[in-house]
Amino acid sequence: MLRKKWIGRTALLGIVLAFLAMLTMPVIGLTPEKFKPRAKDGVLDLRQWRLGEQGTIPLNGDWSLHGEQLLTAIRPGGQGDSQTEAFAEVPGVWTSRGMPGRGYATYHLKVLTSGETGRLGLHIPAIAPAYKLILDGHVIAQAGTVSADPAQTRNAYRPQTVLFDPPAGAFDLILQVANDLYPEGGIWYSMTLGTERQMLALQERQMMVDMAVFGGCVLLGLYQIAVFLLRHSERSTLYFGICCLLGAIRQWAVGGIYLVDVFPQTDIRTLILLEYLSYYGGVTMALLFVRSLYPKEYSGALIKLFAGIGCGFIATVLIFPAETYTRFMGAYKIVSLICLGYMIYGFLLALWRKRSGALLQLAGWLVFVAAAVHDIVYSEGRIIGIDFQLVPYGFILLVFIEALELARRFTSAYRVIGTMSDELVALNRMKDEFLANTSHELKTPLHGILNLSAALSEGKSGPVNETQREQLEVVVAVARRLSNLINDILDFSRLKNKGIQLQRRPVDIRALVAAQQEVFRHYIGQKPVALRMAWPESLPLADADPSRLLQVLYNLIGNAVKFTPQGEITVSAAAAGGMLRISVADTGIGISADKLETIFLSFEQAGTSVAREYGGTGLGLGISRQLVELHGGRLTVQSKVGQGAVFTFTLPASQESVLAPARYRPDAEEAAQARLPAGWREVAAARVPDRRDKPGQKILAVDDDPVNLRVVMAALSDEPYEVLAATSGAEALEMLDKSGGGIGLVILDVMMPGMSGYETCRQIRGKYPLSEMPVLLTTVRNEPEDLIYGFESGANDFLTKPFQPHELRARARTLLEMKRSAEDAVRSETAFLQAQIKPHFLYNTLNTIVSFSLDEPQTAHDLLLHLSRYLRNSFDFKNKEKLVPLRKELELTEAYLKIEQARFGKRLQVRFELDEGADCYLPPVTLQPLVENAVRHGVTKKEDGGTVSVTIRALADAVAICVEDDGAGMPAPAETILSAKREDGGGVGLQNIHQRLVRLYGKGLLIESEAGGGTRVTFRIPTAATHQTGGQA
């Protein structure tokens, strides 16, 4: 073990050292004479360089630059216009020489040769949007149209290789360049000079590599996406497939730009768009891909952040023109480097944790990075042994490694599936044995609990009071439920192992059902569901086991009761062809067509949402079908969603004669008691108690099961709460509406028929925020997806059944304390925030007063009065009152505006429009913050200022208040503004005002705004509310 760990760490260290060596190899030990010749002061001296033997040469170095000139010839001596000539690094941008990014210029390079070069070739990549190359007065290459007039400039990407016979000894290269698309102009890439043979070989090799990369990426990408369409759970194949396709697009649109050869109409803007989209999208997809491979090594939040940034940059490409979005590339290159470092970090972490395939992944990415470093050094003209670019080969290797990793994972998955299949067969057998053995072991202690509790409830061990008796009855009911669940498990095990022997005899169906009809009605309880029997006048006896027949009927009727919120359940029978057809029909929620057969499978129900809403184990129908089939019959179902269901089973008719009308039979009663489902006999007695007249806060308990309601009420009986009860979500919502905010906590069961606890919680959240109406969900499931679903529905807390009474009391107490604290905080927030005078406002005001004090003392005096009034109202802690007069709000607003008008002068105009009789009471600190927002974030954001208007209208049923400005407008939607608190260090934000208005009047602020078009904020104070509460001011 230690040896393996040591080997793994040694391998990791070796990879890191090899990577560092690859990065440093190009520069360590390189002396100046090992560099290829570079241009200096506009001259490239190749007289000592043999192209045929020593290789091609990049035309890098200092070219002479003639800004904003398009020259066709340079005067003898290599001098152009002395006022504009400079030397610029190639490749590079001319902005480093003080030129504007967009414009035109002429580059000049004199090349000195030995005179015996022969025919030469020059490879010119996409060095600029438009260029023209002139050799000794002759145009030898051109892309687009170069012109001093931007309207005449035509851009085109056209990589090309040109062949020419150079003059003996020296030749001049004049390169005219124009750029009106990118933020920086210049010569972006190196041009390569070589012999004719070298350049043709280079062109052929590059095309072969490009075609190989393109074809491989397209085929592999399409294959991986097809795999994803077949297996949607494998997101890694989708991400990798998209990466491959983006790589193929980039290869055709950026490298050799073969897209123009296939589609000659393709313009440069399309090429630029594809270039940027493939880069942004490729980095984003690579991040998602590595995250899907190693989810534990990469932070989901960071990956989402990087992916969001990438999507933002993609949006700029789709929205803005090329002249705009090309400015952002530099920023994203920094993001890309960070992402690359994070990916390599994740691979190192995965390797350290011994994740499968991490070593190969790390090696592939390091090789790709090393190839990129090599190409950067190569473009600088250094001799490092490999005289061509390696990135395409590194990319091919990386794609191959990723494809190999995915193939390895699929192979491993199939191998694991085979092993797991064998293990599942063995585990399934062990599970059945465990269930049977455990159920047998549980029956004895459970019967002891059941019998002792029943004896205590009946007073056989001494007198018990009413509360104790009720709690003991709950214990008995729950124990009976558990007992019958154990019976179901045992039956399931026996049926699976063919261990059930039927005790068949002639059975009168009508008498058997009549004996249990009251039990069925007790089980229905308070539900608005009618139970009806529809028997023919005469009916043959059934050849069946009475106890098993009752078990089938219990399961079918119980299923109908559970899924029928209201309506009727009908039990009927008929004889046909020597068989009896017994049907149980309901008017419940129905079953979708695709679930009609799966509901008979063990532990299956009609969908996850049904299981979550109505509960149950899914054993009953499966056991019922197998029991019917043991009798020689069939159990089928007919149903439509929303129209109920009809379960029909057949049984062989007995050979005895037809019976008279149904009569009561004691053996049927005995059989019924033996197979009675859990809690059915006791549920009728478990009625919801009346409200408790106790002081303190009110708690609403919601559960369709009276037994569960009793448990909750018993647990809270010693607390100073008044506990109300509701048996459905609709009833709970109605009680909340009628309570007028008097209920402080809702304890809500998740699994209720009709409106589930989740839906009820969502509707509660639609009216009350989390802090105003806490909701405690109770559920028998505590799986993560259930908890997430509950919290998304708006729950404050979860409690798993069965729960301890002290745990329920503690959670209820905590949620009620939270509600009380939140209410106190909201009441104090307004006055506290208004009292936070912002320092810069006070400084600006004082400076304004000082500036007026010498020349206009009366104005300074008036400003001091306005400031005094503003401060007095700001520190008035009567703002904690619920409502204040409108005149008080106007006084604070006018004082504030006088101060700001003195400060901004003519830039701030104010207009008040107040109807006569428009008087009301409104929440304190409501109007002034809206006016302040209009001043600070509206008119003063514009250079020439604007006007703030305050309009107050007296309507028939309300007072309408409007604050409007013609300033800069709001950049974000109104929903975002109203959901975000202020971040400027103090003051009452729009969210605070909006929430208080909604809480008091049901409606808040209405914001209408557009960027550059001003903002209008309106709200209404109902007249009735003003009259009712005005005295509180």
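From the backbone N, Cα and C atoms, a Cβ is placed for every residue, glycine too.
Annotations in TrEMBL come from automatic prediction, not curation.
What TrEMBL records for 437-655 (among others) is domain 'Histidine kinase'.
What TrEMBL records for 698-816 is domain 'Response regulatory'.
According to TrEMBL, the feature domain 'Histidine kinase' maps to 927-1025 (among others).
The Cβ of Asp749 (4-aspartylphosphate) lies under 8 Å from the Cβ of Val702, Asp703, Asp704, Asp705, Asn708, Gly757, Leu777, Thr778, Thr779, each on the same chain and at least six residues away in sequence. What TrEMBL lists as 4-aspartylphosphate is Asp749.
Per TrEMBL, the feature transmembrane segment maps to 207-230 (among others).
According to TrEMBL, the transmembrane segment annotation covers 237-259 (among others).
Beyond its flanks by at least six residues, the transmembrane segment (271-290) meets 157, 181, 235-236, 239-240, 242-243, 246-247, 249-250, 253-254, 257, 259-260, 298, 303, 306-307, 310-311, 313-314, 317, 322, 325-326, 329, 332, 335-336, 339, 342-343, 346-347, 361, 402 of its own chain at Cβ-Cβ distances under 8 Å. Taken from TrEMBL, the feature transmembrane segment applies to 271-290 (among others).
Here TrEMBL flags 302-322 (among others) as transmembrane segment. For the transmembrane segment (302-322), the list of distant contacts is 181, 269, 272-273, 276-277, 280-281, 283-284, 287-288, 291, 328, 332, 335, 338-339, 342: same-chain residues at least six beyond its ends, Cβ to Cβ under 8 Å.
Annotation source TrEMBL lists transmembrane segment at 334-352 (among others).
Annotation source TrEMBL lists transmembrane segment at 359-378 (among others).
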(Q) So if I exclude everything within five residues of the ends of the transmembrane segment (237-259), which remaining residues of that chain have a CB under 8 angstroms from its CBs? That is, six or more out. (A) 126, 157-159, 206-207, 210, 213-214, 217-218, 220-225, 227-228, 231, 266, 271, 274-275, 277-279, 281-282, 285-286, 288-289, 292, 392, 395, 399, 402-403, 406
Q.
I'd like to know the mean pLDDT over the domain 'Histidine kinase' (437-655).
A. 77
Q: For the transmembrane segment (207-230), could you work out the same-chain residues 6 or more beyond its ends whose Cβ comes under 8 Å from its Cβ atoms?
A: 237-238, 240-245, 247-248, 251-252, 255-256, 258, 392-393, 395-396, 399, 403, 406
Q: Go ahead and report the DSSP secondary structure tallies for the domain 'Response regulatory' (698-816): helix first, then strand, then coil.
A: 54 helix, 26 strand, 39 coil
